[in-house]
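Q: Let me begin by handing over the structure; questions about it come next.
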Amino acid sequence: MKCPSCQHNGSRVLDSRPADEGKSIRRRRECEACHYRFTTFEKFEEMPLIVVKKEGVREEFSREKMLRGLIKACEKRPVPLKTLEDMCFDIEKELRNQGVSEVKSELVGEMVMDRLAKIDEVSYVRFASVYRQFKDINVFIDELKDLIKKER
(Lines of atoms letter the chains of each structure in order from A and count residues from 1; the text may use other names and numbers.)
(Lines give C-alpha, C1' and ligand atoms only; values in the text may rest on other atoms or scores of the structure.)
Protein backbone atom coordinates (compact mmCIF):
# COMPACT_ATOMS: atom_id res chain seq x y z
CA MET A 1 0.00 0.00 0.00
CA LYS A 2 1.52 3.33 -1.08
CA CYS A 3 1.85 6.03 1.55
CA PRO A 4 -0.35 9.04 0.65
CA SER A 5 2.33 11.34 2.07
CA CYS A 6 5.65 10.11 0.60
CA GLN A 7 4.49 7.47 -1.93
CA HIS A 8 6.70 4.79 -0.31
CA ASN A 9 5.41 1.29 -1.05
CA GLY A 10 5.80 -0.21 2.43
CA SER A 11 3.49 0.18 5.40
CA ARG A 12 2.61 -1.84 8.44
CA VAL A 13 -0.83 -2.46 9.87
CA LEU A 14 -1.35 -1.05 13.36
CA ASP A 15 -5.01 -1.97 13.83
CA SER A 16 -7.73 -3.87 11.94
CA ARG A 17 -11.43 -3.97 12.67
CA PRO A 18 -14.68 -4.80 10.85
CA ALA A 19 -16.59 -1.94 9.21
CA ASP A 20 -19.76 -1.43 7.16
CA GLU A 21 -21.74 -4.20 8.89
CA GLY A 22 -18.87 -6.64 8.42
CA LYS A 23 -18.66 -6.08 4.66
CA SER A 24 -15.26 -4.41 4.88
CA ILE A 25 -12.19 -4.13 7.09
CA ARG A 26 -10.84 -0.82 8.36
CA ARG A 27 -7.06 -0.83 8.72
CA ARG A 28 -4.92 1.77 10.44
CA ARG A 29 -1.48 1.81 8.80
CA GLU A 30 1.88 3.46 9.31
CA CYS A 31 4.39 4.19 6.55
CA GLU A 32 7.73 2.43 7.11
CA ALA A 33 9.65 5.36 5.59
CA CYS A 34 8.09 8.58 6.95
CA HIS A 35 5.90 7.12 9.77
CA TYR A 36 2.80 8.89 8.41
CA ARG A 37 -0.37 7.21 9.69
CA PHE A 38 -3.37 6.64 7.44
CA THR A 39 -6.53 4.57 7.22
CA THR A 40 -7.50 2.13 4.46
CA PHE A 41 -10.62 0.08 3.86
CA GLU A 42 -10.53 -3.39 2.38
CA LYS A 43 -13.74 -4.60 0.78
CA PHE A 44 -14.56 -7.76 -1.13
CA GLU A 45 -15.92 -7.29 -4.61
CA GLU A 46 -19.57 -8.20 -4.69
CA MET A 47 -20.96 -9.59 -7.91
CA PRO A 48 -23.86 -7.47 -9.11
CA LEU A 49 -27.33 -8.93 -8.65
CA ILE A 50 -29.47 -8.22 -11.70
CA VAL A 51 -33.27 -7.97 -11.54
CA VAL A 52 -35.09 -9.00 -14.71
CA LYS A 53 -38.29 -6.96 -15.05
CA LYS A 54 -41.54 -8.25 -16.56
CA GLU A 55 -40.73 -6.58 -19.89
CA GLY A 56 -37.30 -8.25 -19.98
CA VAL A 57 -35.41 -5.10 -19.00
CA ARG A 58 -32.46 -5.79 -16.69
CA GLU A 59 -31.32 -3.48 -13.90
CA GLU A 60 -29.03 -3.80 -10.92
CA PHE A 61 -30.74 -4.76 -7.65
CA SER A 62 -31.20 -1.76 -5.37
CA ARG A 63 -31.97 -2.22 -1.70
CA GLU A 64 -32.62 1.53 -1.53
CA LYS A 65 -35.27 1.33 -4.27
CA MET A 66 -37.02 -1.52 -2.46
CA LEU A 67 -36.90 0.46 0.80
CA ARG A 68 -38.41 3.55 -0.88
CA GLY A 69 -41.35 1.45 -2.11
CA LEU A 70 -41.88 0.00 1.36
CA ILE A 71 -41.71 3.41 3.02
CA LYS A 72 -44.37 4.65 0.60
CA ALA A 73 -46.61 1.62 1.31
CA CYS A 74 -46.17 2.08 5.08
CA GLU A 75 -46.73 5.83 5.08
CA LYS A 76 -48.74 6.93 8.15
CA ARG A 77 -48.66 3.36 9.50
CA PRO A 78 -47.05 2.22 12.78
CA VAL A 79 -44.19 0.39 11.05
CA PRO A 80 -40.70 1.35 12.29
CA LEU A 81 -38.14 2.27 9.63
CA LYS A 82 -35.71 -0.21 11.21
CA THR A 83 -38.18 -3.05 10.52
CA LEU A 84 -38.30 -2.09 6.84
CA GLU A 85 -34.51 -1.74 6.61
CA ASP A 86 -34.06 -5.17 8.20
CA MET A 87 -36.59 -6.65 5.79
CA CYS A 88 -34.73 -5.23 2.79
CA PHE A 89 -31.40 -6.47 4.15
CA ASP A 90 -32.83 -9.97 4.73
CA ILE A 91 -34.37 -10.16 1.25
CA GLU A 92 -31.12 -9.06 -0.40
CA LYS A 93 -29.15 -11.56 1.67
CA GLU A 94 -31.55 -14.38 0.76
CA LEU A 95 -31.35 -13.50 -2.95
CA ARG A 96 -27.53 -13.34 -2.91
CA ASN A 97 -27.33 -16.65 -1.02
CA GLN A 98 -29.14 -18.33 -3.90
CA GLY A 99 -25.89 -18.00 -5.84
CA VAL A 100 -27.48 -16.67 -9.02
CA SER A 101 -26.59 -13.48 -10.86
CA GLU A 102 -30.14 -12.75 -12.06
CA VAL A 103 -33.53 -12.87 -10.34
CA LYS A 104 -36.99 -12.13 -11.67
CA SER A 105 -38.73 -9.05 -10.32
CA GLU A 106 -41.76 -11.24 -9.58
CA LEU A 107 -39.70 -13.22 -7.05
CA VAL A 108 -38.52 -10.04 -5.32
CA GLY A 109 -42.08 -8.67 -5.22
CA GLU A 110 -43.49 -11.88 -3.75
CA MET A 111 -40.75 -11.96 -1.09
CA VAL A 112 -41.62 -8.38 -0.12
CA MET A 113 -45.36 -9.09 0.01
CA ASP A 114 -44.95 -12.28 2.07
CA ARG A 115 -42.98 -10.41 4.72
CA LEU A 116 -45.08 -7.25 4.62
CA ALA A 117 -48.32 -9.20 5.15
CA LYS A 118 -46.91 -10.44 8.48
CA ILE A 119 -45.93 -6.94 9.57
CA ASP A 120 -48.86 -4.71 8.59
CA GLU A 121 -51.91 -5.75 6.56
CA VAL A 122 -52.83 -2.23 5.43
CA SER A 123 -49.31 -1.64 4.12
CA TYR A 124 -49.44 -5.03 2.44
CA VAL A 125 -52.64 -4.13 0.57
CA ARG A 126 -51.17 -0.77 -0.46
CA PHE A 127 -48.03 -2.43 -1.77
CA ALA A 128 -49.95 -5.21 -3.51
CA SER A 129 -52.31 -2.74 -5.21
CA VAL A 130 -49.35 -1.01 -6.87
CA TYR A 131 -47.23 -4.12 -7.46
CA ARG A 132 -50.05 -6.21 -8.92
CA GLN A 133 -51.60 -3.20 -10.68
CA PHE A 134 -55.16 -3.67 -9.44
CA LYS A 135 -57.48 -2.60 -12.27
CA ASP A 136 -60.72 -2.26 -10.33
CA ILE A 137 -62.34 -2.67 -6.92
CA ASN A 138 -63.16 -6.37 -7.52
CA VAL A 139 -59.48 -7.30 -7.77
CA PHE A 140 -58.89 -5.31 -4.60
CA ILE A 141 -61.69 -7.18 -2.81
CA ASP A 142 -60.33 -10.55 -4.01
CA GLU A 143 -56.92 -9.69 -2.56
CA LEU A 144 -58.52 -8.78 0.77
CA LYS A 145 -60.43 -12.09 0.80
CA ASP A 146 -57.17 -13.99 0.17
CA LEU A 147 -55.53 -12.10 3.03
CA ILE A 148 -58.39 -12.98 5.38
CA LYS A 149 -58.18 -16.67 4.37
CA LYS A 150 -54.44 -16.73 5.13
CA GLU A 151 -55.11 -15.40 8.63
CA ARG A 152 -57.45 -18.24 9.49
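Note: Cβ is positioned from N, Cα and C throughout, glycine not excepted.
Pasting the feature list from Swiss-Prot:
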type: COMPBIAS; residues: 1-10; note: compositional bias 'Polar residues'
type: DOMAIN; residues: 49-139; note: domain 'ATP-cone'
type: REGION; residues: 1-21; note: region 'Disordered'
type: ZN_FING; residues: 3-34; note: zinc finger
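What's the neighbourhood like for these features in this structure?
A: The average pLDDT computed for the zinc finger (3-34) is 94.
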Q: What does the DSSP secondary structure composition of the region 'Disordered' (1-21) look like, as residue counts for helix, strand and coil?
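A: Taking each residue of the region 'Disordered' (1-21) in turn, the totals are 0 helix, 9 strand, 12 coil.
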Q: According to DSSP, how is the domain 'ATP-cone' (49-139) divided among helix, strand and coil residues?
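A: DSSP classes over the domain 'ATP-cone' (49-139) add up to 57 helix, 9 strand, 25 coil.
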